[in-house]
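J.: Please see the structure below; I have some questions.
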């Protein structure tokens, strides 16, 4: 075979290509028959409702994470919380110092750096279900630390320890969702992770709104106590949850994998698809073993895998780099616009409702528009919004002109809408599609840890930037980063819509460039090569 190079590809060594050609073409042809890519979303939901249900169920762990992340910052303004854990402010009241606010805000992200890295081993050794069970038991115990904390340092330690488990949940949910979803439903079940974050934040705001008029310790203890509800719900239902069939195949538990696929809806009236699908999974796993060797963290940075790791890390860090920590100060900007604290809080709750709606609207877009164009638009669109915010804040009469401040607040709403229909949900979809099935848990863990490190840096720095008078001018920083990400997306992010894991493996093994992923037909490798 001539060692010819496709446009936008890298050359694969001849011996390797010859050894793998037959296997690759066989897998590609089988995949085309099995993916059911012609099913509409409605038809897929009707045929595979249990895949959606169990993805939603496993995402309850991320609901917990979103709830906790939104909860702590709402306590700072509570008089009862400030009196218990704060210091006298000199005016007869109490306050949580800026240093402790930073410490509490950083506790969970620090834990989330460790959680994903630690969870890949139990996920591969014990499976997705058992890892979830163990994590729920741990977080139930850790919540006692916060609920009965005698001082603010204990709460900070509790946040950090619980953050390890939050990191496990954020890694586990998209991994599981991607592995149980049929191709037509993959963008929906994967983006459920983003929806779960929004639901968790929305729930935290609702619980806090119901407790904010309390003057006793229960104004903050009740919100902490609510966190015991989530693991109780998960533990009550998880024993009926099917294990990931991909994990079962890798453990050579073929009969269990068939049972799992049957529970997820792969047995049809026309006959069983499970035998064919199991065989395809085994062949795909064998192919990945030839290309990647051992499944380890070191393997994530070798050969074909390093490109896939780079894409996942870049996509997940993009959530921070386009300003999601910045926009967590939404209430602050509404207050600058002239709203009372209560009205600013209520409006922030409404903006979260917008986020929920936009995530739902992203589902058909991902199916029919694709991943790459939406992510590209998201980076560019958010960059424009952030630059406009910086420009409004830089106006000479900003503090005197309420119209400028309102314009800045409105830009925040636009940011939320664009983010929740593009980068927010797309990140979890891409994260579930790009890694190989054997390295998926490890690549996702590395991506989450990298994103958490970015979050720690910006989360610690933003309060000081605001204190120095940056306010909306911070939009220039995040806007610039968004435009850099736009360029990176164009050259590095491939289109994976309507492509099975097997096809994605083949495209990466062939070194196809990001811009040629969408048009490359894996069933016509010889024709594609001959057309050079």
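Quick reminder: no glycine exception, Cβ is built from N, Cα and C everywhere.
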J.: Given 206-227, 228-249, 250-271, which one carries TrEMBL's transmembrane segment label?
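T.: That would be 228-249, the stretch labelled transmembrane segment in TrEMBL.
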J.: Tell me which of 131-149, 283-301, 492-510 corresponds to the transmembrane segment entry in TrEMBL.
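T.: From TrEMBL, the annotated transmembrane segment range turns out to be 131-149.
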J.: Below 8 angstroms Cβ to Cβ, which residues of this chain, lying six or more residues outside the transmembrane segment (443-466), approach it?
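T.: Hits for the transmembrane segment (443-466): 98, 101-102, 105-106, 109-110, 112-117, 119-120, 167, 170-171, 174-175, 297, 300, 305, 308-309, 312-313, 315-317, 319-321, 325-326, 329, 332, 431-432, 434-435, 474.
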J.: Cβ under 8 Å to the transmembrane segment (374-392), counting only same-chain residues 6 or more beyond its ends: which ones?
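T.: Contacts of the transmembrane segment (374-392) (Cβ under 8 Å, skipping residues fewer than 6 from its ends): 315, 318, 322-323, 326, 362, 365-366, 398, 404, 407-408, 411-412, 414-415, 418-419, 421-423, 426, 430, 472-476, 478-480, 482-483, 485-486, 489-490, 493.
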J.: Taking 51-78, 228-249, 311-332, 412-431, 472-491 as candidates, which has the most Cβ pairs under 8 Å with the transmembrane segment (156-177)?
T.: 51-78
J.: What mean pLDDT score does the domain 'Major facilitator superfamily (MFS) profile' (54-497) have in the model?
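T.: Mean pLDDT, the domain 'Major facilitator superfamily (MFS) profile' (54-497): 88.
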J.: Given a Cβ distance threshold of under 8 angstroms, which distant residues of the chain, six or more beyond its ends, lie next to the transmembrane segment (412-431)?
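T.: Cβ under 8 Å, 6 or more out: 174, 177-178, 186-187, 190-195, 197-198, 311-312, 315-316, 318-319, 322-324, 327, 330, 333-334, 351-352, 354-356, 358-359, 361-363, 365-366, 371, 374-375, 377-379, 381-382, 385-386, 389, 444, 447, 493, 496.
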J.: Same-chain Cβ contacts of the transmembrane segment (51-78) under 8 Å, 6 or more residues past its ends?
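T.: Cβ under 8 Å, 6 or more out: 45, 96, 101, 104-105, 108, 128, 132, 135-136, 139, 159, 162, 166, 168-170, 172-173, 176-177, 180-182, 185, 188-190, 192-193, 195-201, 203-205, 207-208, 212, 219-220, 223-224, 226-227, 230-231, 233-234, 237-238, 241-242, 264-265, 328, 341.
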J.: Any residues 6+ beyond the ends of the transmembrane segment (228-249) with a Cβ under 8 Å from its own?
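T.: The answer is 50, 54, 57-58, 60-61, 63-64, 67, 123-124, 127-129, 132-133, 136-137, 139-140, 143, 175-176, 179-180, 256-257, 259-261, 263-264, 277-278, 281-282, 285, 437.
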